[in-house]
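Visitor: Grabbed the feature section from Swiss-Prot, which reads as follows:
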BINDING   TYR127, GLN189, ASN212  NAD(+) binding site
BINDING   SER237, GLN259, HIS262, HIS327, ASP360, GLU414, HIS419  substrate binding site
BINDING   GLN259, HIS262, ASP360, HIS419  Zn(2+) binding site
ACT_SITE  GLU326  active site, proton acceptor
ACT_SITE  HIS327  active site, proton acceptor
Amino acid sequence: MKIIDWNQLDTAAQAKTLTRPAQTIATQTREAVTALIEQVRRGGDTALRDITARFDGVDLATFEVTAAELAAAATAVAPELQHAMQTAAARIEAFHRAGMTNDYRVETAPGVVCERLVRPIARVGLYVPAGSAPLFSTALMLGVPARLAGCREVVLCTPPSKDGRANPAVLLAARLTGVTRVFTLGGAQAIAAMAYGTASVPTCDKVFGPGNSFVTEAKQQLAQAGVVAIDMPAGPSEVLVIADAAANPAFIAADLLSQAEHGPDSQVLLLSDSDALMTAVQNALALQLQQLSRAEIARQALAHSRFIKVATLETAFDISNRYAPEHLILALRQPRAWLHRVAAAGSVFLGDYTPEALGDYCSGTNHVLPTGGAARAYSGVSVSSFQNMISVQAASRSGIAEIGGCALTLARAEGLDAHANAVALRMGSAP
């Protein structure tokens, strides 16, 4: 990859340099997703069978995975992998449990009590991709916080393999996390099924999970139409690395490739004030690429990625906050000393021995993160993502006497007479 000198770019060129490859959804993709959603809305299970046969190449009589199939999944997964999944799930639970939101109660004035109650979303839908690779880790990342939140019903959709079955490790993850129902459905059609409901698939209140451009577009369209709530815009994976001259080139190359291998639409960026470091990373990339089973996919992603030379690390953080990466790696001598400069990122990885892959799997943080610049306004999935916050207030007779005058003044200033009257009647001062 060519090294770009940030200081040599004008404003337009700088903006172009930070443009994501999948930032603009092609018109044909948008129209295709709209058609798929409408087909599922009108045709239900029949439409799902037709679409699954068309895109996945399998004819399914039923979509739901049986209890027996879920139980059998454990025997199909190697003991070593089972143990790793159980260990990862425990760490994910420990981190997410520590950050859970609690009810609270405050007396805001004498005789006036305000509360916030935390309640689980009744039925949630989880989407677990299985396109270029079945991401059973995503089932852990979504299933654990859903269980901690107390959701009554957790529905999981994942694409079928060529034999019509779901990946055994995905099924095991679903079982480990207490998912209540699993369906072998993928793509935009799975999102539409969870949003509208069919004879087989229940209607969900909120849909979670990453996916390809079709999945992301389906989530966006259905959310914008008010059909279903979604977690966040979650598209192609991305990583931005800020490195100084002391960083390890081999480590950085490995981290860049771990994102690039996700798919050809992934993006990786390296920002550094050291030409020598970036040249060394380029050499390490070439060497490590030769050893990857998904080298061709990684090469396609690297083709639209960027190495950016900055004059100072302060500039690197300004660029990073503007880009708002899904993953931000600080390969710096004192990474924690720079953490206060981070204003927008999905998840941050500090130092040489915190590869992004740890967060993907088993450090405990969630890997379902905002992409495409959404980290400027969205956060990664947490237990709160699966909950509603309900406010409650109670005023006694003395309480309304205490604060009623304030409400009257504000209501009358806004010209809302009925609001004012509702307060005045209770204060015994209605005209």
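Even glycines carry a Cβ here, placed using N, Cα and C.
Quick one: where do these features end up spatially?
Guide: Within 10 Å of the C-beta of ASN212 (NAD(+) binding site) we count 19 further C-beta atoms, all protein chains included. ASN212 (NAD(+) binding site) carries neither a helix nor a strand DSSP state and counts as coil.
Over all protein chains present, the Cβ of GLU414 (substrate binding site) has 10 other Cβ atoms lying within 10 Å.
Long-range Cβ proximity for GLN259 (substrate binding site), meaning a same-chain Cβ under 8 A and a gap of 6 or more residues, is found for SER237, GLU238, VAL239, SER266, GLN267, VAL268, ALA301, HIS327, GLU356.
Cβ neighbours within 10 Å of GLU326 (active site, proton acceptor), excluding its own Cβ and spanning all shown chains: 30.
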Visitor: State the count of C-beta atoms found within 10 angstroms of the C-beta of HIS262 (substrate binding site), not counting that atom itself.
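Guide: Result for HIS262 (substrate binding site): 25 other Cβ atoms within 10 Å.
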Visitor: Which one of the binding-site residues (GLN189, SER237) has its C-beta surrounded by the most other C-beta atoms within 10 angstroms?
Guide: GLN189
